[in-house]
Amino acid sequence: MAKISTQYSHPTRTHPSVRTMDRDLDCIENGLSRTHLPCEETSSELQEGIAMETRGLAESRQSSFTSQGPTRLSRLIISLRAWSARHLHQEDQRPDSFLERFRGAELQEVSSRESHVQFNVGSQEPPDRGRSAWPLARNNTNTCNNSEKDDKAKKEEKEKKEEKKENPKKEEKKKDSVVMDPSSNMYYHWLTVIAVPVFYNWCLLVCRACFDELQSEHLMLWLVLDYSADILYGMDMLVRARTGFLEQGLMVMDASRLWKHYTQTLHFKLDVLSLVPTDLAYFKLGMNYPELRFNRLLKLARLFEFFDRTETRTNYPNMFRIGNLVLYILIIIHWNACIYFAISKFIGFGTDSWVYPNVSNPEYGRLSRKYIYSLYWSTLTLTTIGETPPPVKDEEYLFVVIDFLVGVLIFATIVGNVGSMISNMNASRAEFQAKIDSIKQYMQFRKVTKDLETRVIRWFDYLWANKKTVDEKEVLKSLPDKLKAEIAINVHLDTLRKVRIFQDCEAGLLVELVLKLRPAVFSPGDYICKKGDIGREMYIIKEGKLAVVAEDGITQFVVLGDGSYFGEISILNIKGSKSGNRRTANIRSIGYSDLFCLSKDDLMEALTEYPEAKKALEEKGRQILMKDNLIDEELAKAGADPKDIEEKVEHLETSLDSLQTRFARLLAEYNATQMKVKQRLSQLESQVKMGLPPDGDAPQTEASQP
């Protein structure tokens, strides 16, 4: 009976004890063998011995402790040497966190066992008396049992690290969200808010400074409004400091850079000056001096910015420009009226005929009369329409001269701006009317019938009434191709998807076709196509009613409405079609109809880049013809159409002619250049033989001089 020196008493079982120890050694060896072995050369002899012994054991099939003991011990020594060498010369490497995300449960369990085996083998704990004589096997058994707990702890640590990595990103996003985009709706709404206190200060500060009753009778109201405006001014500085700007096409979102950029602009200086607390002088001078707050007028740029943004956003820019111009004129007249009343107060009311009448008169002592009289005088002076009392003193003459100059500028501005606005508003109508006039003259010159002339004029009236006179290509030509494509997709893509043969096409082909759709408008009674005509276009009905009629043009078979389409088979040029590319029906417009047209040439040009889509479209068209029994199978299998071959040959001949022409031109240029080079070489040879310098370097002799 095999005995093991341990302090515990065990039953006399030989094979189970050997198996358990073998299993423990396997756990250790499997764990340590997964590590890198830098000292494999030093243990090669032991490995050879182990290999010989394992071969003998495999043949004999013996599993006793006496026969396998040396082999197990040798393996254990090799594993310990490899581990100690790696531990001394190489640091522990943490597995890649990115790869750990893709590990399965088995790989994670194996890796956890590795780490625990290495840890327990490397620990130099003194053996206890109550423990087994195989501490390594005991340690390995314990680590295998505790692997799940360690895996959970590792997962928790990884989650914490990932959260720490994600938290800065979230904080950066929060910081970026505070930055305001100057092209966003939020920024425009803030401009609307800040424009109110700016407009309030520009209109009422000067009025309160000139008319004392207005300031004294509503003092609390003005204090509330003034300091509310100051709060908005302060908030506007914060908004400006957090407003992004473009740098190399990208929006700058860094708060420190935004603040530095803002402090370097003129707006920052004006904003600071507009918030200087000059109204603290109220405590010394009194509350009836609102002119102390005139520094709040430095915020005028915000009002102009609001007007500019509104002009670009509104759908009626011409009307907005006219209203904006009238507002500027009213503000100038308002300021001029207040200054006139202030000058009259400085000179003395009623001292002469030019100043404001004496306020001792109850009729002229009212606040409303004071302002209206001053406004009336200012309007007459600036518009130079009516007559006003002549000035008497030098100060009055100087003020009137300045008013006349300002009035002339205002009058010129009004005439110029209003004239240009009206011309811009009527530009489209004038251009459209010019087209009608030219067509009328042509029809009169060619003596067109009255019926046809009436139809033409009605067609033009329909276009103008329904705002369909806009040339889309002319309007969109200034846009880049990307924006053109997006507008066309937004307008026409849903319409094109209704066509049966285009429903499963790839998006790139649909975009190409959308850009090639052309609008077409037909009058009542117009034939879109007739039976037997060559089909060069397909049509999609956007709005209106079309009728499939008989040869007489009256009998209606089918009425086509919005979203219907026809002619899609004829532009595909499918082989074996019984009708060829001919129209098979008469289609007539019942009323005014708006259609989209796609030509055969445009379709084929788009399909050159999509050969697979071309095959798919032809197959769909062939299936449609087969359902309607409109395809000849023999012709379809016969091969290429002779007409197509003739067209290709003609195209090749044309290309060959153009290439020959280009080659002849290039050959002539080459011969001419070669001739010039030969002449130049001959001249140089003759000069060298005669011993003369080249022409450009020949000195002028006295004989050559005049």
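Note: Cβ is positioned from N, Cα and C throughout, glycine not excepted.
Bear in mind that the values here come from a model prediction, so they are computed numbers and not experimental data.
Swiss-Prot gives the label N-linked glycosylation site to one of Asn139, Asn358, namely Asn358. The annotation in Swiss-Prot ties Gly567, Glu568, Ser570, Arg583, Thr584 to 3',5'-cyclic GMP, and of the candidates under consideration, Asp504, Asp526, Asp628, Asp632, the one tied to the same site is Asp628. Taking the topological domains listed in Swiss-Prot, Ser216 lies across the membrane from Pro317. In the structure as shown, the Cβ atom of Phe411 (site 'Central gate') sits within 10 Å of 15 other Cβ atoms. Helix, strand and coil residue tallies for the topological domain 'Extracellular' (341-366), in that order: 11 helix, 0 strand, 15 coil [DSSP]. Each residue of the topological domain 'Extracellular' (286-289) gets a DSSP state, and the totals for helix, strand and coil are 0 helix, 0 strand, 4 coil.
Just so you know, the Cβ of Val415 (site 'Central gate') picks up 10 other Cβ atoms within 10 Å once every protein chain is counted. Outside the topological domain 'Extracellular' (341-366) by six or more residues, the chain places 209-211, 373-374, 389-393, 395-396, 399 with a CB less than 8 A from a CB of the stretch.
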